[in-house]
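**Q** From TrEMBL, here are the annotated features:
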type	residues	note
REGION	1-24	region 'Disordered'
REGION	117-180	region 'Disordered'
COMPBIAS	136-146	compositional bias 'Pro residues'
DOMAIN	197-330	domain 'Poly(A) RNA polymerase mitochondrial-like central palm'
DOMAIN	418-472	domain 'PAP-associated'
Amino acid sequence: MMEQQQQQQLKRRQRLCGRSSAESNGARTQQEVIFLLAVASVLFTCDMKFAELMTYLREDPQHVPPQCYSERPDINMAAVSSFKGPIRDRLPQYEWQPPVLPPPLPPPNAVTMTNRRKRQNEEYSPHVVKRQRLSPPRPRTPPPLPRYRDEVVARPSRSTFDGYDRPHASVRSHPRPEAITVPQRPDCLMIYAKDKLSAQMVELFEACQQQISDLTKKESCRSRLLQDIRRIYTAARLYLTGSSMNGLGCRSSDADLCLVIQAKKRADTIHTLSALQRLFNSLSYVDRTQLIRAKVPILKFREKNSDLEFDLNINNTVGIRNTFLLRSYAYADLRIRPLILVIKKWARHMLINDASRGTLSSYTLVLMVLHYLQTLKEPVIPSLQRDHPECFNPFMEIDMIPDGPKHIPPYISKNQSSLGELLLGFLKYYARDFRWDQQVISIREARAFPKNNSKEWRNKFICVEEPFERNNVARAVHERIKFDAIKSRFAEACQILHKSKDLNSIIPVRAIINKELSGR
């Protein structure tokens, strides 16, 4: 009985286990079906996306990763490498244009300078340095916000001077106004030439001013000379300086050259110039060499088959500095260049413009004109060195010098005097007002400061300060008779011109123009 009951219980358990196993297998089968359906759905969706992607890539190969190019025979590799595929053709070429913004108002009592002027004839731009470099090219850091794609902005630098380094302030060490609204000024010089005298001055200036063709000839000869000089001095550098580069030259102006080499003593300078004289005598395009043993020794020579004359000095680098200082003044106001040219022509006609004969050098005359324009009740120009010392730092590296003046903001003068009025005022100032025996002319300070008992100024008839070296550039006037002749010429011209208001009364205008044109 007991055995039968146990057998029945065992059979019951087996039936229950079998039913449970079947139920479990059924549930597991349903879960597997659901999972497989989900996987199939995902795979179908991915396949559709992949098909769309492949279609997109076939239509536009620019989206294919580089490593896939070798696996895509339908892609034009030439188009890919030159970046001229389909997408390039659909997009317009990007080209930066400066935004046109209304200029801000100037701050009260702002000192500004203007460069708004048209080129006259073939005259070169005030900020173009012809071909020559003032140092071997160096890597420059890109400007923070360049206005044009080819703009080069000077960077901070240090210069070795007298055996130790002195810091040089960057020309961008202070923020510069991008644009300043100033009263409208005339772009044409004739606005200052409404009277007869002024019109005559403009006529003389237009006929005699240096043309770009004249500058090109000088630059061409400079370039040839440098190649020949480097046969002896391999590291030499040769620069055009003086009136050829500062905007104050005539068509007949000589060309000043500064040769920079390793030479420390005056004896070395004379030796170098003698070696160059021998070299130049062997050159087919150089003629009439002459060594001048002055305080600043020079080698004079002429280009063969032309009237172009050169004065070459060794390591007189202050000439490079004052070239770009005077250039900045020359283009600060439309009236400056015509006024200086007329005064130089007058002084040359009066035989008081020749330092080798004990009278005034052209450089001295230019500083005298600038000083007069700075000291008027309403100045025509300011002192650039005083107002912008970082642009004319005397320790600035030579290769940085041309860049410094580019960052001077515009200046507008309230003085609206005509050219004739300024010429009369200049003659009157030095004939009656200026105290030759008591004052020193300084464009660096925009004033005439009192003479002191220093060696530089003591017992000198005329005292004109060199703006960088601060010595006397009028030291050639060392004879009383020459000094008296200079003062007499100023007084006579002032009296005659005041009465006649005719430029022909003090210089032969037409004869000067004809001579200038015949020489070139």
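Each position is counted from 1, following the chain as shown.
The backbone N, Cα and C atoms fix where each Cβ goes, glycine too.
Describe the structural context of these features.
**A** Mapped onto DSSP classes, the domain 'Poly(A) RNA polymerase mitochondrial-like central palm' (197-330) shows 63 helix, 32 strand, 39 coil.
When the domain 'PAP-associated' (418-472) is classified with DSSP, helix, strand and coil residues number 15 helix, 11 strand, 29 coil.
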**Q** Across the domain 'PAP-associated' (418-472), what is the average pLDDT of the model, as a whole number?
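**A** Summarising the domain 'PAP-associated' (418-472) by its mean pLDDT gives 96.
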